[in-house]
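Chemist: Okay, handing you the structure first.
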């Protein structure tokens, strides 16, 4: 069964503003047991079949009966899809056939009340309304130390949730212990040394990101001001971190990139291929990513602005169970030049 709309418009007629919204919702009954082309439902069908759905402006009453169409008088906001129908009127008294034809479409729930007090189309206007977002506070209360229950208060905006957590749960400067009691927090009661660190941590649970990038068209937002500061350097080109090795003039936007670069000047090659039988290792993760294309794989993603030297890359291969090869420990020092493969 298909839904769509048709707008009766004769040749040379101009639709008025009211007539523009008198489009007809039709129900295609092709393939039903009531005939080759389905039941023929005229515009004048008995309103008792679908109460309240036959209220139409006077302009629509002059249109001729439509084969296979059911006039519902709903404003034309629905997607229209045309389908050929065989001609042929239907008697006004054929209400029983109409009810029988609609009996098999219980899943469509065509007899729902779409009328008063808002008139036709109120149901579809309601369905188009955006779903309101509910933010729930999951801070565990201290009313029952043995089995604490979450606060469970709901809020419609992030600002309301953050204000509630800050005022009602985190407390002011008089708070001695800076502990996160959010439900299922992985810190498990381990305190922070300062309140601002607790506030930054709570954003992991609430999803708050109060630091937007000020550059037009960027649109990125961050939970911490430090991350925003680092990000803005991608727009300004600032590189305040200079390589600490003498004779190297390389500069970087953040300290983690400088740390990754420093392996060029040492014997350390912590980025090791974990494919069984491969002994390649590199001084920089970008070199490892290029190498992994040979195997048709991708290494684990880096951790953003944090240190990219992860235990997964620095440790021996878990697949092969082998130790780092001698080549990974060999000292290759060429100042100012990237010698990674």
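Cβ atoms here come from the backbone N, Cα and C positions, even for glycine.
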Chemist: Between 211-235, 311-335, I'd like to know which one Swiss-Prot lists as zinc finger.
Modeler: 211-235
Chemist: Can you tell me the mean pLDDT for the zinc finger (211-235)?
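Modeler: Mean pLDDT across the zinc finger (211-235) comes out at 92.
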Chemist: I'd like the per-state residue tally for the zinc finger (178-205) from DSSP, helix first, then strand, then coil.
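Modeler: Reading the DSSP string over the zinc finger (178-205) gives 11 helix, 3 strand, 14 coil.
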Chemist: Other than its close neighbours in sequence, what residues sit by the zinc finger (211-235), given a CB gap under 8 Å and a spacing of at least six beyond its ends?
Modeler: 200, 203-204, 253-254, 305
